[in-house]
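Annotation source TrEMBL lists domain 'Amino acid transporter transmembrane' at 2-390. Among the features that TrEMBL reports, transmembrane segment is placed at 6-26, 38-58, 94-119, 131-149, 206-232, 253-279, 299-318, 338-355, 361-384.
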Amino acid sequence: MSVCNLTANIANSIVGFAVLTLPTGMERLSDNGMATSEALGVGVVLLLVFGTLNAWTFTLIAEACERTGTCSYTAAWQKTLGPRTAWLVSSSTLLISFNNAVICQSIIGVCLTDLIGFFLEPPEELPRLRIQLLVVVAVLLPLCLLPSLKPLSAASTFGLAGTATTAATMAARALDTSYGPEGKFFEVVQWVPTFEQRAADPEGEIAGLAAVAPSASSVAFFLSLASSAYLAHFNAPLMYAETRPDRHGSRLAPFRAAAAIAFSAAAALFISIGGAGFATFGEAVQALVINNYAAADPLAAIARCGLFLTVLFEFPLLERPFRLTLAEQLGSSSGGKGRIHVFLSLGAITAVALAEPPLDQLAALGGATGGSLLIYIAPALMTLRLASRTILPRS
């Protein structure tokens with residue numbers, strides 16, 4: 001795989017619906033009274049720093065695979081840290097795939113309900129849960145029952161295009177002030193945009209900033225959301241295995257270059273969506289920022305359409321690893337491939353999604369637990385263990 005194709009594949013695996021929770025993470029940074037513009041600046045800096053850190057650990061995983069001669073995350077863990085703790089990797093995968101599948105299905109219900117409402121005249125209050133359940137039975141179940149996911153290989157392209165479309169429409173609305181006090185959608189939105197203004201501190205600007213600095217819990221919450229958004233590390237071994245060697249026969253150099261470009265592009269997209277959403281709605285931003293936009297907004301309808309296609313075809317890519325990993329841990333003889341397993345897996349995900357959990361907290365949970373292990377802890381542990389050994393690179 002060339003550097004260009006590898007860059008596109010890494011970017012596709014990074015960018016997803018989790019980015020839509022970043023604006024509410026930025027809102028949490030202003031909980032202590034920090035001005036909206038200041039919280040936005042802090043959020044941008046944190047996204048850049050963690051984007052760099054995520055790109056570095058992404059390449060560390062590839063280096064571990066190179067030095068151990070393995071081509072999967074679990075295999076690299078077993079070769080460096082031993083097989084007895086390999087269940088940590090599968091458990092993290094289980095948690096992340098389940099969390100993301102619940103978020104994905106919830107977004108499907110929200111987007112489709114809003115899209116139907118956009119075409120109704122006059123607008124009506126639609127039964128979102130019924131619409132979501134109908135999509136589960138009529139669309140998601142047949143997709144999950146497919147014997148192979150190869151027909152859904154274009155889903156990654158849908159994902160990147162849909163997220164880029166969402167970013168463009170959000171940036172356009174932030175610039176044209178359609179949701180400002182004089183804007184045409186200001187009076188029709190469910191949550192009126194409000195912004196924090198910090199009062200001047202008599203002791204000086206630095207003292208004033210220190211007094212309203214984000215709390216540790218607010219920063220941790222935002223970083224958990226950022227980790228969930230940047231998470232693509234479980235795919236690093238497979239992508240490294242498909243990397244075309246350079247003229248010196250090395251795959252690490254082109255892989256590092258592709259990872260640097262892909263994570264830089266993802267960071268730019270995350271800053272665009274997180275910044276535009278927070279700058280448009282301020283303290284009123286919701287857990288899923290797409291909910292803030294008016295149902296009658298045509299640009300928002302375009303964004304919802306792109307997002308709907310993204311999550312519709314991404315859902316089976318999340319449900320299947322959850323089902324197969326759970327079956328493997330439970331020792332199922334069929335490996336989780338039977339129809340009854342699909343029904344049970346989809347039923348469990350749907351039951352949680354219909355309960356309408358807070359999506360930002362769900363994304364933060366995945367990023368703070370399983371995401372932290374796969375992104376930060378495991379690559380560091382494998383690198384340290386390899387550094388303490390004498391393991392020659394593969395010839």
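Glycine too: its Cβ is placed from the backbone N, Cα and C atoms.
Between the transmembrane segment (361-384) and the stretches 6-26, 299-318, 338-355, Cβ pairs under 8 Å are most numerous for 6-26. Among 6-26, 38-58, 94-119, 253-279, 94-119 has the largest number of CB pairs under 8 A with the transmembrane segment (131-149).
Of the candidate ranges 6-26, 94-119, 253-279, 299-318, 338-355, 253-279 contributes the most Cβ pairs within a distance under 8 Å of the transmembrane segment (38-58).
The transmembrane segment (338-355) shares the most Cβ pairs under 8 Å with 94-119, out of the stretches 6-26, 94-119, 299-318. Between the transmembrane segment (299-318) and the stretches 6-26, 94-119, 253-279, the greatest number of Cβ pairs separated by less than 8 Å involves 94-119.
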